[in-house]
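**Student:** Sharing a structure with you now.
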Amino acid sequence: MSNPRNTKACGKCENLADNADAVTNSCSKIFPDKKYKQIQPKGKEVTGLTHECGVFGAIACGEWPTQIDIAQCICLGLVALQHRGQESAGIATSQGKTAKNFSIHKGMGMISNLFNDDSIKKLKGNLGIGHTRYSTSAASEVVNCQPFVVHTAHGAVAIAHNGELINCESLRRVVLERGVGLSTHSDSELIAQCLCCAPEDASEHDGPDWPARIRQFMTLAPLSYSLVVMHKDKIYAVRDSYGNRPLCIGKIVPITLGPGKPEDAPAEGWVVSSESCGFLSIGARYVREVEPGEIVEMTRNGFRTVDIVERPDYKKMAFCIFEYVYFARSDTTFEGQMVYSVRLQCGMQLAIESPIEADIVSSVPESGTAAAHGYARESGIPFAEVLCKNRYVGRTFIQPSTRLRQLGVAKKFGALSVNCEGKRVVLIDDSIVRGNTIGPIIKLLRDAGAKEVHVRIASPPLKYPCYMGINIPTREELIANELEPDELANHVGADSLKYLSVDGLITAVEINKANTNPIKAGYCTACLTGEYPGGLPEELSW
C-alpha cells in the first residue's frame, strides 16, 4: 500500500495529512467557495447506506455421500443473510471426489426467486459455499454473481467474498503483469486469480499448498474481506487480519438435541457464515468466530486453524462498528454478545446523554425498535408503537430519486393515531444518512395528532465514506456534514434532534462484551471519525 500510515483525508478534496480536521479547515479557509472534487468509490454512483454481501459454507461430517442436504442448508443459510444483499446470489457444491468441476447455480435476484426444488436437486454435493450480494465495487450484472469459480492446473476453486479490497488497483496490476486476464471488475475474481499464483518459496510437489497461497494473498491485501474458499473436499474460512468483516463457525447437531452446549453433541457437519442468525434454522449451533487473520480448514473430520496472519503491532483490530448499529440481524452474535443487546444498550446510553420530557418513546420500525426499548427502560418513559410498517415494501433507499424515496415513506408506514394523538413523542431510529425519510415520517406523526416529536438517533452522525465494502454516500450526500443537529431538527420538522456520541456507542458495544482482551478489541469508526484503519485507498481517483 502506498499509504501505510494511519492518515486521514480532507472530506472535500484529495489532500492527505495526519490530521483530517487541519486539512479540511485549511482547504475551507483558502478556498471557501470552491467545489472540491469528491472522492467516489471505484467509479460507481453511490446511492445509499447498504451492505455488500453475505457468505456461507457447509460441509458434512462422516462418510460420504451424506444424508444432510448440503445445498438446502446453504440455501436456508443464505435466506438468513438476505438482508446483507438482495441483488444476486449463488451456490457451488462439490461431491468431494474430484477437483475437476463443481455444481453451480447463480443469478440475479432474491434467494426465493433463484432457488427452487429443481435447482436445489441439481446441486449435488457433500460440501458447498454460497453468496448473496449487493454490489459495491463492481456493477450489478450476472457476470459478477458469486461464488466465483476458476479452473486451475490443480482443479476448480470456488470463492465467495464479503468486503472490498482497499488496494485492489495494485493487486490488479500484479495479476495483469503475470499475464493473467481479468474478465470483470469484481474483487472476488481478483482474489481468485491471486490464489492461483503459488508463492515463490512454496514446495508444491504433492499438490497446491492452499493455506500458503491464502497467506500470500493476505500479506498482499490487508483489508477488507471475509472469504470462503472451496477446493475438492475442503473449505477454507478466512478473515482479514483487522477483523473488519464478520465470520463465524457453527456445528450441525442432531435434530433430537435439546438445549445444551453444542460441544457435548456429535457433529453431523460444520457451517461458516457471515452471521450466526441462520444457524438454528438449519439445526446448527454457534461455536465461535473466525479470529482476525485466521485461516480455518474445514473437512469431513472437523475444522482446525492452519495459519494466522498477524497485522502490524501498532495496529488494532478494526471490526466494523456499524455491524452492531445497522447491518447485522438482531439475533446475530458478535464477540460473545447478541446484537439486540447492544442496540438495547445504545438506547439506554442515548437516554443518559440526551434526555427529554415526553409521554411516550417509540421507534422507526424495525431498525430503531431495540434502541427505543433501551431508551424507554433507562428514561422511565413508556414505550408505545406509533408507526405501522408495511412489510411488503422494500427499503426506501433502493428508490432511484429523492422524490420517490420521500413518497416511499407514505407507502411504507402508517401512523397509529390512537397512540400518538396529543402526545409528546420521542422517536428513535438507528441512523440518518441523507435525511430524506425522517422528515416525511415526522409529518406523518404530526398529521396523526402528535403534539411534539423529538428525534433521537442511536448512533453518531455519519460523516465519511467507507472504502471497505459499505455503500456509504459521498460527504456531500451525508446530511450530517451539511447541518448541525439543531439545524437538522428544524429542517425535518422535529422539536429536537440528538445523536449518540462516538464514545457512547463504543461504551454500549463494550459494556457486556464477553471478550475483554485489549489485544482482541477495536472497532473501525471510519464513517464516523474519518480514521481509516488501513489508511485511505492508494488511488483516490479510482
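One is the number of the first residue shown, and numbering goes on along the chain from there.
Cβ coordinates come from backbone N, Cα and C, glycine included.
Automatic, uncurated: that is what TrEMBL annotation is.
From TrEMBL, for reference:
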- Cys53: active site, nucleophile (ACT_SITE)
- 53-301: domain 'Glutamine amidotransferase type-2' (DOMAIN)
- Cys320, Cys466, Cys524, Cys527: [4Fe-4S] cluster binding site (BINDING)
- Ser367, Asp429, Asp430: Mg(2+) binding site (BINDING)
**Student:** Within 10 Å of each Cβ, count the other Cβ atoms, then let me know which of the binding-site residues Asp429, Asp430 comes out lowest.
**Tutor:** Asp429
**Student:** Just name the most isolated of the recorded positions Cys53, Cys320, Cys466, going by other Cβ atoms within 10 Å of its Cβ.
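**Tutor:** Among the recorded positions Cys53, Cys320, Cys466, the lowest count of other Cβ atoms within 10 Å belongs to Cys466.
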**Student:** When you rank Cys53, Ser367, Asp430 by Cα distance to Cys466 ([4Fe-4S] cluster binding site), which of the recorded positions ends up on top as the closest?
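**Tutor:** The answer is Cys53.
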**Student:** If I restrict to non-local contacts, at least six residues apart, and a C-beta distance under 8 angstroms, what lies near Cys524 ([4Fe-4S] cluster binding site) in its own chain?
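**Tutor:** Sequence-distant Cβ neighbours: Tyr242, Asn244, Ala318, Phe319, Cys320, Ile321, Met468, Tyr532, Pro533.
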**Student:** Going by a 10 angstroms cut-off between Cβ atoms, which of the binding-site residues Ser367, Cys527 has the sparsest surroundings?
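**Tutor:** Selected from the binding-site residues Ser367, Cys527 on minimum Cβ neighbours within 10 Å: Ser367.
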**Student:** Measure from the CA atom of Cys527 ([4Fe-4S] cluster binding site) to the CA atom of Cys53 (active site, nucleophile) and give the result in Å, rounded to a whole number.
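**Tutor:** Spelling it out, the Cα of Cys53 (active site, nucleophile) and the Cα of Cys527 ([4Fe-4S] cluster binding site) are 18 Å apart.
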**Student:** Could you round the CA separation between Asp430 (Mg(2+) binding site) and Cys527 ([4Fe-4S] cluster binding site) to a whole angstrom and send it over?
**Tutor:** 15
